Amino acid sequence: LSIEYTLLTSSTSSVAGIVFLLLAALIGLPGNLFVIWSILWKMKPSHRSVTCLLVLNLAVADGVVLLLTPFFILFLIFKNWMFSLAICKGVYYLCCINMFASIFIITLMSVDRCLAVSQPYFSQAIRKKNLVVKILAGIWLAAILLSIPAFVFRQVVKEPLQGRYICEPCHSRPSLTILHFTLETVVAFMIPFTIIVGCYSTILVRLRGVRRRKGARTEKLIVAIVICFAVLWMPYHIINMLQVASNMVSGRRAERLGQAWKSGRAGATALAFLSSSINPVLYVFVAGNLIKTSGANFIAQFFEGASDGLGRRTHSQRNLAKDLVFLTTSTTPTDGSSGLEKDFAPSWLALSINLI
């Protein structure tokens with residue numbers, strides 16, 4: 001590959017990367033920290049439902065990713081990695097761990113929502129805190145193991161011409177490059193995206209024949225969920241595949257593919273960071289009535305209301321739950337004997353927060 005062309009050659013991609021990272025940090029970091037604070041300090045432990053555990057872990061994963069954005073912003077602004085090799089490896093390793101965890105938790109939420117709609121009795125039987133804690137522990141362990149290549153292969157490399165330093169993956173053989181990025185794309189995008197599309201397709205089929213007036217709105221939300229996941233993550237993995245392809249050919253084709261993935265890497269990676277910032281915005285959107293009545297406590301009030309029976313909820317909580325309760329009642333008995341009412345709001349929220 002041409003040594004003149006590096007990750008920092010494209011000014012457009014670098015500027016786009018800076019903008020995306022700043023937006024992600026300014027919007028997502030305060031939002032995710034607020035969610036964590038609300039659940040841990042403003043909510044009673046007895047009121048923390050299964051959904052709370054999922055939301056908390058997702059907020060932690062997204063929050064850690066966004067805490068690391070200053071390193072990448074400084075790198076793009078000064079076009080130089082100013083930190084040590086240890087920080088290079090550590091930052092990318094932590095980032096990779098939490099991005100894997102975030103994607104896996106989002107996928108788990110999709111499966112949870114799908115089971116709640118298509119198999120409500122089975123969902124109620126297995127939807128226990130102890131089981132969810134074990135699954136979440138497995139997710140974090142898998143993320144730690146799958147991120148090892150990011151730690152092993154990252155090196156600080158000096159540009160031959162301009163003398164700038166870049167923190168980038170360095171593979172000793174093309175086969176390692178192919179294995180590394182193919183594994184990342186398959187495990188962190190293709191499989192989760194397939195599961196998410198499958199889950200929400202099932203939900204759409206279940207909702208097609210029930211309560212058409214509200215069903216149309218839900219269908220739009222589901223389509224938005226899938227589109228957002230694809231828009232925010234697909235460019236990053238397309239860049240991965242271009243890098244893989246550049247290591248499978250030679251000559252001018254390899255050089256052109258190398259220039260393509262290097263010119264787009266900064267912007268595509270920064271775009272993926274936006275996936276960690278959207279969830280808190282959605283919480284504000286769906287809990288608008290509670291913000292007026294509960295102020296800064298609205299997250300805690302929303303989840304506490306979701307964990308209690310409908311009869312003990314505030315007026316705003318009841319309205320919010322009733323407005324979208326059809327997502328669950330369309331597949332459950334209507335005589336009130338199933339005991340599912342107390343989990344209506346968490347089930348709906350588990351659907352909503354998947355808007356990446």
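Just so you know, glycine gets a Cβ as well, placed from its N, Cα and C.
Just so you know, TrEMBL annotations are computer predictions that nobody has curated.
Annotated transmembrane segment per TrEMBL: 15-40 (among others), in sequence order.
If you look up TrEMBL, you'll see 31-283 marked as domain 'G-protein coupled receptors family 1 profile'.
Beyond its flanks by at least six residues, the transmembrane segment (52-78) meets 8, 14, 17-18, 21-22, 24-25, 28-29, 32-33, 35-36, 39-40, 43, 87, 91, 94-95, 98-99, 101-102, 105-106, 108-109, 112, 129, 132-133, 136, 139-140, 167, 266, 269-270, 273, 275-277, 279-280, 303, 307, 346, 349-350, 353 of its own chain at Cβ-Cβ distances under 8 Å. Among the features that TrEMBL reports, transmembrane segment is placed at 52-78 (among others).
If you look at the transmembrane segment (90-111), the same-chain residues 6 or more away from its ends with a CB under 8 A from one of its CBs are 54, 57-58, 60-62, 64-65, 68, 71, 83, 135-136, 139-140, 142-144, 146-148, 150-151, 154, 167, 187-189, 192, 195-196, 199-200, 229, 233, 272, 275-276, 350-351, 353-354, 356. Feature annotation from TrEMBL assigns transmembrane segment to 90-111 (among others).
Sequence-distant contacts of the transmembrane segment (131-153) (same chain, six or more residues past either end, CB-CB distance under 8 Å): 50, 53-54, 57, 89-90, 92-93, 95-98, 100-101, 104-105, 108, 169-171, 176, 180, 183-184, 187-188. Among the features that TrEMBL reports, transmembrane segment is placed at 131-153 (among others).
Look at TrEMBL and you will find 178-200 (among others) tagged as transmembrane segment. Within its own chain, the transmembrane segment (178-200) is flanked in space by residues 99-100, 103-104, 106-107, 110-111, 113-114, 146, 149, 153, 169, 171, 222, 225-226, 229-230, 233-234, 236-237, 240-241, 243-244, 247-248, 354, which lie at least six positions past its ends and keep a Cβ under 8 Å from the stretch.
Positions annotated as transmembrane segment by TrEMBL: 221-239 (among others).
Taken from TrEMBL, the feature transmembrane segment applies to 266-286 (among others).
When averaged over the domain 'G-protein coupled receptors family 1 profile' (31-283), pLDDT in the model lands at 89. Long-range Cβ contacts of the transmembrane segment (15-40) within its own chain (Cβ-Cβ under 8 Å, at least 6 residues beyond either end) map to 48, 52, 55-56, 59-60, 62-63, 66-67, 69-70, 72-73, 76-77, 266-267, 269-271, 273-274, 276-281, 283-284, 297, 299-300, 303.
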